[in-house]
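One structure is given here, and the rest of the page talks about it.
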Amino acid sequence: MTETMLDCSDKVTETKEELVQLAKLAEQAERYDDMAESMKKVTEFGDELSNEERNLLSVAYKNVVGARRSSWRVLSSIEQKTEGGKKTMTKEYREKIECELRDICKGVMNLLDKFLIPKAGTPDSKVFYLKMKGDYYRYLAEVSSGDELTDVIDKSQQSYQEAFDIAKDKMPPTHPIRLGLALNFSVFYFEILDNKSKACQLAKQSFDEAVAELDTLDENLYKDSTLIMQLLRDNLTLWTSDGGVEEPETAPIVADAEGTN
């Protein structure tokens, strides 16, 4: 009986359609690094992404970077509680994860600046990508210090603010992308700038404006919008009590997950 040998080398996938299909398969298999690599190649074709492609890209990198952020936090906590050789080993391992996180964020930023933002043909897309840029600079801020921290905070705030200005002018208060932007921008104020009052003011204003126009909300967006509104309200409750902050990434739906077209 002849043993069949598996060919474990990567197959060459050339068309955009094949890469999108591969990304969907990778998502189902929870192979998010593969999913991100496929969607990176799709983006590098240089065409404006469809809503589906945009969300696949976002979901892929959200999971890829989210795994590193979670690992970084765990290792930072262990590092603070240990001494001697174990502390050194933990520090070195944390720094390895930090390098991976930085590379991912810088890769996303390159895609945004070179392909995605210049090609954004609608206010929805422009806000989506600028918000994404603010998010990934915020993730860098979590692991930065000194002059670098000041720089990435400034860039994160500039990206969020530019997105917010467009969203206020071009999108209804109930739109899930606008609400998701408000959610993450308010988390930026609370966690990165330590500005509790501004975070609460932004979250409350965005929530109240959406409530006032809820009866005009598109039926297809109702679920996404109301779930993000719930997150805004949950954060407000936490921020105005003795509790901490619930990050959007840990919640059941995030502003740049699937379904927020």
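Any Cβ shown, glycine's included, is placed from N, Cα and C.
TrEMBL labels come from automatic prediction, so no person has curated them.
These numbers come from a predicted model, not from an experiment.
The annotation coiled coil is assigned in TrEMBL to 12-42.
Residues or ranges marked as domain '14-3-3' by TrEMBL: 16-249. As a whole-number mean, the pLDDT of the domain '14-3-3' (16-249) in this prediction is 94.
The secondary structure of Arg69 (site 'Interaction with phosphoserine on interacting protein'), as reduced to three states from DSSP, is helical. The site 'Interaction with phosphoserine on interacting protein' annotation in TrEMBL covers Arg69 (among others).
Here TrEMBL flags Arg138 (among others) as site 'Interaction with phosphoserine on interacting protein'. Just so you know, the Cβ of Arg138 (site 'Interaction with phosphoserine on interacting protein') picks up 23 other Cβ atoms within 10 Å once every protein chain is counted.
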Neighbour tally for Arg69 (site 'Interaction with phosphoserine on interacting protein'), based on other Cβ positions within 10 Å of its Cβ: 18
